[in-house]
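Swiss-Prot annotations:
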- HIS32: active site (ACT_SITE)
- TYR35, ASP471, GLY508: ATP binding site (BINDING)
- GLU76, ASN509: Mg(2+) 1 binding site (BINDING)
- SER77, HIS78, ASN79, HIS80, ARG99, GLN224, GLU296, SER297, GLN298, SER511: substrate binding site (BINDING)
- HIS78: active site, proton acceptor (ACT_SITE)
- ASP100, ASP252: Mg(2+) 2 binding site (BINDING)
Amino acid sequence: MFPQEEKLIRERLGREPNDVERAMLEVMWSEHVSYKSSRKWLKLLPTKNEHVVLGPGEDAGIIKFDDKTWIVIGIESHNHPSAVEPYGGAATGVGGIVRDILCMGARPIALLDPIRFGPLEKEKNRYLFEYVVKGISDYGNRIGVPTVGGETEFDESLDNYTLVNVACVGIMKPEHLVHSYVTEPGLKLIIVGNRTGRDGIHGVTFASEELSENAEEEDRSAVQIPDPFTEKLLIEATLEAVYTGKVRALKDLGGGGLTCAASEMVGKRGFGAIIYADKVLLREPGMTPLEVMISESQERMLFAVRPEDVEELARIFEKYELEWSVVGEVIEEPKFIVYWKGSKVAELPIDLLTEVPTIEWPMKEYKIEEEVGIPRISLQEAFEKVWRSPNIVAKRWIWEQYDHEVQGRTVVKPGFDSAVLKINEEYGIAITADGNPNHCYLNPYHGAMGLVAEVVRNLVSVGAKPLALVDNLNFASPERPEVYWSFAETVKGLADAAKAFNLAYVSGNVSFYNEIVDKPIKPTPVVAGVGKVKLSKIPKGPNKGDVVTLVGETKRELGGSELYRVLGIRKGIAPRVNLEVERKNAESILRLINASLVSFVHDLSRGGLLVALAEVAALFNVGMEVTIKTDMNPVEFAFSESHGRYLVVLPERKLEEAREITDLKVIGRIIGSNSFSVKINDEVLLWNLDKLKDVYWNTLYRLMD
């Protein structure tokens, strides 16, 4: 807390808070819990459309899939913990977002993991990468929730640090909805799951400040300990309890522990709570009430239940061999009172915990965009560098550690523009996640707009109609004027783009203070999207003889591109989005797919056209012959990251009909031979298909050996 906040608290209370109260207030007034620096700006985001059942404000958002099925989605970051202890930090990040989905009354069915690291040439970055992936893999596999997609990026600005964002999707019936807040007094508050220990104490305050050079030693105790086996039992027990209709409210004990879960649960509708902290089951001897109230031990849920229903639910918990205890009750008076062995150890007005004043930090606009000349490099040399980039090559080294088919719903697997999960015999959902800190660093507003556009392109490329979005905003300290300005610009860009597509943000997360030893990260918003797809219409893949076509205009837009990154060029102008064109092209692609006119569609984004072509060849083991005439420099045309573009592969006999829907420029053909050949004006790129595939599929393995 800042000195002026402490002064405000003393004035409200008319006294100094005691140690327990101070610890609880520090948790609730932390940036991580209160969103005090971001709340004002987040109000700009659209949160309603015809698909939204429940927008931001609870643990996850809910979208209507059909009359019998709702989709639940949320996203969280676990950046600081993963930078300090990558295995435990990443694993508990998975556990936390899964419980957020669970406490709405939904079964978690899939995970996405947008993760970012420093360059793999450094041993520390390889260590963070290896153990973050292992943490996500072990936890997800053991609880039986598949990790079906995400994205992985390596950038110099993240040296010795990591950004670990995890999104989770769940499925539920409308009648099973449980809210995270109570609507009546007299309810009993029950903690179910793991015993409470000293792990994760001050976790949210540690996540609300920059990391020091010695963070690995100093902050390890703030990282929670993962226990996926208990989580698996907790999922089944919680759902069985929810299906009885006897659960009045439900919260995950995550950041801020019991203090946060209980105060938010009762405070939303103006109720209060009495907590008997000595009734909490402990894992370690000698714990104090302060430690009990702010511990962030994992795999714990807080149930609000009428007194007459406690016994019935307890039988369910015991059936799954989960420990439980009644730790408090909901009261009419808006106070949060804590007892320890008969003595009152804390008493605070509930709104002092839950209604934290906003902060508006000073802002300073920065302008770093400037025109950069076209690099003097051949098409062959440029492709050699970009195609070998860890940001471009296949992430199979990661997927192979994940069980992405558990639960049997996965229709389109990792490695494509979106993953697709079967919901019923006819329809499924497509899910995807995207970030682009290089574009957002050059221009936060246009970079953020481009991000939403890319999510839409990824969804429609598999035939899905976009329904809703969630956002995870990773930034450095808001106390830096340039950072706070870039945050506000990012939110404006996310809002304007979503409105253009009539999309709403149903949930989200803000993670500030992502910097280590005074080195701030680039603005890194991540957007995940969900869409509805008819399973029979998903494009299956290219066939020999198909024509390769391009939809959308390629412009002179290399700023923030992967080509510039591998060449060490940090300047440039970020690509601009024409929202009208983007929307029109997305609608056209959906029409092409629904009319069964195409074999395959791939969005153009990182790496540009040449990378998209090579990805199709490598993914499907097909030869390709491409010839392009342009008034642009061949390297610029090949690696521009202009928005609004798609590769569309289709049988030649369907070309005429497809052109009635949209303008398709034929640039090449799928061939039977073992070659990947691209000619742009007079420059020729020729690769053997086996070599192309070897680089794509095996580079990450070689880097991690």
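These residue numbers are counts, starting from 1, taken along the chain as shown.
Cβ atoms here come from the backbone N, Cα and C positions, even for glycine.
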When the Cα-Cα distance from ARG99 (substrate binding site) is computed for each of the binding-site residues TYR35, ASP471, ASN509, which gives the smallest value?
ASN509
Cα-Cα separation of ASN79 (substrate binding site) and ASP252 (Mg(2+) 2 binding site), in Å?
19
Taking the center of the Cβ atoms of TYR35, ASP471, GLY508 at the recorded ATP site, which other residues in this chain have a Cβ no more than 8 Å from that point?
SER38, LEU42, LEU45, PRO56, ASN472, LEU473, TYR505, SER507, ASN509, VAL510
Residue among recorded positions GLU76, HIS78, GLY508, ASN509 with Cα closest to the Cα of GLU296 (substrate binding site):
HIS78
Sorry to bug you, but what's the C-alpha spacing from GLU76 (Mg(2+) 1 binding site) to ASP100 (Mg(2+) 2 binding site), rounded to the closest Å?
9
Compare the Cα of ASP252 (Mg(2+) 2 binding site) against each of the binding-site residues GLN298, ASP471, GLY508, ASN509 and report the nearest.
GLN298
Tell me, if you would, which residue among ASN79, ASN509 (binding-site residues) has the fewest other CB atoms within 10 Å in the structure shown?
ASN509
Rounded to a whole number, how many Å is the Cα of GLY508 (ATP binding site) away from the Cα of GLU76 (Mg(2+) 1 binding site)?
7
Which of the three DSSP-derived classes (helix, strand, coil) applies to ARG99 (substrate binding site)?
helix
Listed recorded positions are HIS32, HIS78, GLN298; which of them have CA atoms within 10 A of the CA of ASP471 (ATP binding site)?
none
Using all protein chains in view, find how many other C-beta atoms are within 10 Å of the C-beta of HIS78 (active site, proton acceptor).
33
Can you count the other CB atoms that lie within 10 A of the CB of ASP471 (ATP binding site)?
28
